[in-house]
């Protein structure tokens, strides 16, 4: 059974995540004090029900040791996983402005910007321990729920999931990435008028990139690096490894290379997911 702990900065989508987990059959509790986690788990263990609990800045323990103690007291039947939701500062400010809700720390005479920064510092012990960090800056409510369903229901039990995502540097680096590779030095299909409207998923773009030795060398050396360290990462109690590939716009080179890497590790029997941030933004 799984005990999913959902945390993250206010406005990042914790309530949405908890509702999505409830739809997946999790027994959900909002803002349960950390010290009560073992009691909840023992109660649900006999019923063989997985649980999801949200923890925000209001019910954070005074020290990381209290959280670690609660985790160590969980029944053996439960496998704890920590999901941390985040978004960039400007997105959080915009969301609060749109909803006109008060930030949980605003009552301490802090401005919204200061409250967001203070909360980030207070939640850092949980963020650093997270099994999965999700950047919701560019996600709608429905996209976040669907992504969680895909990652949580699609993942094999106790196996590391490799996530390959493409992005454009002009849109910013994904904050959920464990590794970031820059491919802006590779030949750019953008300068071919026939290829410009296409993406790295289209065969003519793939054929263009496939003709260049440096593209093959980069893919080979990147996958070799990941293969070298993958056994260590798999034994390090991780659930996800997110590898971000970036080019200028996130449309051609990064998409192609992310797909090549995903296909390679998928062919090796790994649990693999891929996503393309720029292409997802362009969907109607």
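A Cβ is built for glycine as well, from the same backbone N, Cα and C atoms used for every other residue.
Residues annotated as ATP binding site in Swiss-Prot: 8, 9, 10, 11, 12, 13, 14, 15. Residues or ranges marked as GTP binding site by Swiss-Prot: 56, 57, 58, 59. Feature annotation from Swiss-Prot assigns region 'RNA-binding' to 266-284.
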Integer Å distance between the CA atoms belonging to residue 59 (GTP binding site) and residue 9 (ATP binding site): 13
Candidates 8, 12, 13, 15 (binding-site residues) - the one closest to residue 57 (GTP binding site) by CA: 8
Candidate nearest residue 8 (ATP binding site) in space, where candidates are the binding-site residues 56, 58, 59 and distance is Cα-Cα: 56
Cβ-based neighbourhood (8 Å from the centroid) of the ATP site, residues 8, 9, 10, 11, 12, 13, 14, 15 excluded: 56, 85, 87, 136
Candidates 56, 58, 59, namely the binding-site residues, that fall within 10 Å of residue 14 (ATP binding site) by Cα distance: 56
Which listed residue (9, 56, 57) has most other Cβ within 10 Å, given these are binding-site residues: 9
